[in-house]
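Over in TrEMBL, the protein carries these features:
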TRANSMEM  A:20-41  transmembrane segment
TRANSMEM  A:76-95  transmembrane segment
TRANSMEM  A:107-126  transmembrane segment
TRANSMEM  A:164-182  transmembrane segment
TRANSMEM  A:189-209  transmembrane segment
TRANSMEM  A:215-233  transmembrane segment
């Protein structure tokens with residue numbers, strides 16, 4: 001998509017130039033932050049937590065309890081994946097607060113994550129029910145509903161991906177247009193050297209589109225993944 | 001003899017305009033049509049507000065919690081209005097159809113169609129507002145269960161958003177990756 005699509009940041013000089021978009025660069029930065037956090041947080045763990053370790057333990061415990069509450073006691077082994085997904089989405093959605101493009105405002109990121117959920121749904125569904133029981137699920141409640149069931153399963157990742165993408169790209173476009181409008185407003189009253197409108201007015205929009213919508217959408221993505229996976233497994 | 005087929009006369013009149021003018025006019029219609037979706041969030045949020053007033057009057061002690069849930073639910077119910085606004089703003093300020101080559105009437109109809117498809121937002125708006133209202137009502141009655149009520153409400157609202165998201169996909173496809181123009 002031209003206009004509001006991701007820009008090409010630079011080209012990797014191998015295989016005749018691979019274009020790297022700013023989505024990828026921002027994702028790399030977020031990955032580096034998360035890895036650095038994980039390494040620092042688990043460096044010297046003590047029996048009695050204090051300071052930084054307290055914060056880390058609180059995060060891990062709340063993510064564990066969210067997984068247990070949503071998926072059930074026996075599916076605690078999903079907590080690391082779901083926790084990582086949640087932290088990544090949280091950072092990615094809040095990336096707009098830094099004035100950078102959110103990686104989740106790119107359909108490739110959200111679709112990649114949704115496909116991972118899709119694979120998890122069907123892999124763990126087949127694993128816990130057995131191949132026979134898993135395939136039988138498609139012919140229930142009545143055999144001729146098979147095409148409808150397949151369509152329903154295929155629409156899960158699409159709606160999951162586009163829900164996150166639509167919300168984030170909507171906020172991104174509105175914030176972008178808002179800054180453009182405020183810039184021309186400042187220029188109109190001859191304040192181009194001192195951008196007074198851009199400093200204060202967008203805060204309330206950032207609050208809704210980045211903070212509220214970003215946190216809510218990352219929560220919803222993770223919760224829906226958990227619900228879909230545990231529904232297929234039970 | 002004068003052509004009495006009014007549809008043909010209308011189309012001929014339409015073709016008498018410049019190609020770009022037709023596309024821009026259609027974009028204007030599309031931008032306006034998209035905003036009809038605002039009916040949905042309006043009705044839904046009104047319902048949530050009514051339920052909030054009801055909850056506060058029944059149990060003033062839990063009024064603050066009920067208000068919080070009402071505001072959160074109403075903010076989610078706003079989503080389809082925002083998606084329509086985005087499509088509208090794209091049509092107005094960053095119209096990708098102006099530079100598209102192909103029959104003017106197909107491009108113009110795509111602009112109108114992109115706006116029309118966003119009207120689907122009425123459904124999710126009303127539905128999410130209804131969920132927000134019910135959540136507010138029950139938090140007013142049982143404030144202790146606030147966190148699980150909010151969680152269920154958000155999940156249900158996210159699923160209710162699905163058809164509105166599909167409408168936006170179609171609108172974006174019509175504007176940015178229109179397959180119909182290639183068929184000519």
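Quick reminder: no glycine exception, Cβ is built from N, Cα and C everywhere.
Listed by sequence, the residues of this chain that lie at least six past the ends of the transmembrane segment (A:76-95) yet keep a Cβ under 8 A from its Cβ atoms are 26-27, 30-31, 33-34, 59-60, 63-64, 66-68, 101-104, 109, 113, 120, 164, 168, 210-211, 213-215, 217-219, 221-222, 225-226, 229. Within its own chain, the transmembrane segment (A:20-41) is flanked in space by residues 6-12, 52-53, 56, 84, 87-88, 91-92, 95, 100-103, 105-106, 108-109, which lie at least six positions past its ends and keep a Cβ under 8 Å from the stretch. Beyond the ends of the transmembrane segment (A:107-126), by six or more residues, the same chain brings 23, 27, 81, 85, 89, 92, 134, 137, 153, 156-158, 160-162, 164-165, 168, 221, 225, 228-229, 232-233 to within a C-beta distance below 8 angstroms of the stretch.
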